[in-house]
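Residues or ranges marked as repeat 'WD' in TrEMBL: 47-88, 89-130, 131-172, 200-241, 244-285. The domain 'COPA/B second beta-propeller' feature in TrEMBL is assigned to 340-584. Annotation source TrEMBL lists domain 'COPA/B TPR' at 627-771. The feature domain 'Coatomer alpha subunit C-terminal' is assigned by TrEMBL to 815-1218.
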Amino acid sequence: MLTKFETKSNRVKGLSFHSKRPWILASLHSGVIQLWDYRMGTLIDRFDEHDGPVRGVHFHKSQPLFVSGGDDYKIKVWNYKTCRCLFTLLGHLDYIRTVQFHHEHPWIVSASDDQTIRIWNWQSRTCISVLTGHNHYVMCASFHPKEDLVVSASLDQTVRVWDISALKKKSASPGDDMLRLSQMNTDLFGGVDAVVKYVLEGHDRGVNWAAFHPTLPLIVSGADDRQVKLWRMNDTKAWEVDTLRGHMNNVSCAMFHAKQDLIVSNSEDKSIRVWDATKRTGIQTFRREHDRFWILAAHPEMNLLAAGHDSGMIVFKLERERPAFAVSGDALFYTKDRFLRFYEFSSQKDTQVIPIRRPGSTSLNQSPRTLSYSPTENAVLICSDMDGGSYELYVIPKDSISRGDSVPDAKRGTGGSAVFVARNRFAVLDRSSNQVLVKNLKNEIVKKGSLQFPADAIFYAGTGNLLCRSEDRVYIFDLQQRLVLGDLQTPFVKYIVWSNDMESVALLSKHAIVITNKKLVHQCTLHETIRVKSGAWDENGVFIYTTLNHIKYCLPNGDSGIIRTLDVPIYITKVSGNSIFCLDRDGKSRVIIIDATEYMFKLSLLKKRYDHVMGMIRNSQLCGQAMIAYLQQKGFPEVALHFVKDERTRFNLALESGNIQIAVASAKEIDEKDHWYRLGVEALRQGNAGIVEYAYQRTKNFERLSFLYLITGNMDKLAKMLKIAEVKNDVMGQFHNALYLGDVRERTKILENAGNLPLAYMTASAHGLEDVVERLSGELGKNIPSLPDDMKPSLLIPPSPIMCGGDWPLLRVMKGIFEGGLDAAGKGVEEEEEEAADGDWGEDLDMVDVNGLENGDATTIMEDGEIDEEENGEGGWELEDLELPPELETPRASTMARSSVFVAPTPGMPVSQIWIQKSSIASEHAASGNFDSAMRQLKRQLGIQNFAPLKSLFLDLHAGSHSFLRAFCSAPVLSLALERGWSESNSPNVRGPPALVFHFSQLEEKLKAGYRATTAGKFTEALRLFTSILHTIPVIVVESRREVDEVKELIIIIKEYVLGLQMELKRREMKDNPVRQQELAAYFTHLNLQVAHQRLALQNAMTVCFKAKNLATAGNFARRLLESNPANENQAKTARQVLQASERNNTDVSELNYDYRNPFVVCGATYVPIYQGQRYASCPYCSSRFVPAEEGRLCAVCDLSVIGADASGLLCSPSQVR
């Protein structure tokens, strides 16, 4: 059984698959109906209008409807699109057991405990027939898939088959009176439209289920007599064919498999059984530990089954549907229907090669699992799960491909998996001894090799090499040298796909794809929410793969996307150009044509093949928000600019690529305040003061304009701003402008006009304006404010700008490939003719001249820069300047002339971002300032959830890995990244890892200080030091594997001390509980401490127990103390005296929860012993152990990690990820 999906819920009583979508309905004993997507594993909706259990539920074949019946006697018809109940059908007088839609007519059949079966018309919403005859509860009723029959099962121990052909003839509508009369008769006596055709008697107890075969005249039934019976019928009679015995309790449900000759049944004995319908024998049994099964459902079109039980449901397949195949050059070998077949990609010719052996056993999942082919020897290895894992070796005769009728003799053997590793050698994995056996084509062992790691499968990895899989790692193993050439931690790998040149390999897991090179050096990982099924490499190094419902691609840098959707899963065998060759689940070869433009465009960008990129832009329809977002994300906004017509998107892209001219044009079209503001910000970043001014003018942002004129030193325009503020009666604007200009008289005048006479007086007095002072003093009278005598006044005026007026000097940069190429692509014929008229005077160098941008109106910003005359070298063409009249300012015909385009240099990637990309070590992420990703790494590696103790360490790491330089007064402080191990000989383009402020040597010093504090009895100080070490270790980085082991060893040491000191401090608080005091002192002695501290702990426990009259326990501590040969004579003397007292009176006054004979560890939270063999939970970081009740809580020892959390382990060295 292959479980595809499982839910946890109340008891599931009814199930129904949707015919087209990957949905299943589950009706629960609690009254809720759940709608699940079994492919994604998500709950889509829930419906809860029934009162009490819902026992029956069924999807309509074509309409967006489903029907449900419950213990509230109601049948409800629902529309799942609108998520509401459309109507309720009333008529049954007791619990409703099953409901089902007819496949053609607008009918519903329902079975009830009121001993009747009713057929309803859901369009007219009336009951059209009542089938009476059973004399006990009717447990189920269902329509025949093709004929006009209904089968029902009842607790009266019978199965009945009803003929409903007369119902069809009632389609002609009778008169209203007749309809009412017939309806009344139907309700009272049961209709005559349905008659009993057969009554099947044979079960000894009540029958719970009966079902028709989809095509044959067969019925299967299951009953409380624990038997499954098979019945056959013809036109006149029906009879029992056979009885299937094996269930140990009531059989709840039984049905025929839709595609195979099988019967599936489930029972209250907690099992599902699969029977061979022809041989009538049991094939397989699947059991649950605690849950009884109640219902089965089969998918109408796919090979899927579902079963409902006491605590949920499972969706499962009985057998794998993936055909075994192997690709060799232009040939595909695959298995189908017990034959080996050959498919030629070039001619698309499919032929049968040889028959292969049928399995001897009758159990499921015995079909071929993998296939390996040797082209030189024309030999095939077929592996299956038969007999616990076996292989068969077939050598195909040369003429067999055309005929495919002879049965060649196969060499057989046992082994987990087998693959060809050379021309005439194949390797077999012997799981029992963990050995690889190399055999020749005669099936003789020629070599054995033991693996240094546990392996459960092997794959081909080049001649003489194997790729071996263990649970969470893969290894490349050289059979000749018996060496591991590389290994990598991965999710459980199901399939591997090598690239055509054997340089890259894709490792396919259930929900992930890991791509590595041939030495298993990780390149990228893709995660999928639904199952990955297959994949193949195309000739360009792009990995094309399929999930259950998509064909997707993965580029070498890890970028992925969807190529197309799939109706049914396929298994890719080869990718050639735009053709995908694949096998479907029926084993048929198919060719799917795809559009590769999107991923080829991205690949060309990635490989910097800009000529291809330009060709695709010109010739294809590669637009769309996703493509624009991709180009933005990858740093090609100037390319995205050529895709879009929408002005808002063009504006955003122009700002991102620094193309101010296009941004200005788009801003004019949009003409919104926010866009002008953003344009101003970008222009200010580029130092283009003219555009900034224009943007601020368009938005009437006078405050920003004033400040712009101040910093550019444009005092004339600042004076104009003062006048504008005066006209607008903006008092604060006037005052600010006067302040910027240093105009004291104007400031005084503004304050006076605003009525603030004291402040006006003080301003005039401080700056020596005597005439104003006299006038204001007269107005103020006695209220003249006093000025401090000891202060010397000075004029408050802003500092002069470093650069007055003009735009910033800009770099002269070469045009990128895209500007030249794409601009040329977009020009009209007229421009080409103008260029031709200039004559061919040699090629222009595509330089961008940006020296001459003037500060002024934005319409004349795009002016040609002046070309400097060459002063040295030859005179060139001696042309004299002509005395011409001054040129009038006329608008340019083309503002996009080549000489005036400025391309802002694209910023490089910050070093902090490079650190994040190159490293999986949390401290390096914290040093880069990316605390979020550092916390994610620590949560994944060590299960850390409480980051409060690490906050100061993160801040120290970030500050310590950067230096800060001041440039000049108006520029911000520059941050410089400091690299670990930097030297002058390093390449400037290769960035090293960040310099870190925490080192392992510092921890060793702290450890010694902690030891000293413990010896001196300063337990609080010692605990602080040890906890500090425990908090620092997650952000430590060491270089070698040996140092990694030392770090891990240090965690164990520190954990013991932290736990011991916590217990000792707790003991000292418990003055009124002598028993608990003794227990904690006793547990302290069982921790792994330094010998000196162990003696002190033993002496302490001995003293506490002796004072409490527990002489036997005290004697044990004294004995252990003496065995440690204490150097301190006082310790030894006291221990001997206690031992003597203990031997005289070997009793304990109080009983302790302490057994020193039984090995134990101490729970880090409750401080109770966890004896050997007892269950426990542990901290993923410090490995402290806890009682199971503490699982999910914060570790009390390290105060960082969650107890029992999943974690991959401490990563503190680059050597761990190489």
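The backbone N, Cα and C atoms fix where each Cβ goes, and this holds for glycine too.
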The repeat 'WD' (131-172), counted residue by residue under DSSP: helix, strand, coil: 5 helix, 20 strand, 17 coil
Spatial neighbours of the repeat 'WD' (131-172) far in sequence, C-beta under 8 Å, 6+ residues away: 94-95, 97-98, 100, 102-103, 105, 107, 109-113, 115-119, 189-201, 203-212, 214-215, 219, 221, 223-224, 231, 233, 238
Structural state census, the repeat 'WD' (47-88) (DSSP three-state): 0 helix, 24 strand, 18 coil
Stretch-averaged pLDDT - the repeat 'WD' (89-130): 93
Summary of DSSP states over the domain 'COPA/B TPR' (627-771), given as helix, strand and coil counts: 114 helix, 0 strand, 31 coil
Structural state census, the repeat 'WD' (244-285) (DSSP three-state): 0 helix, 25 strand, 17 coil
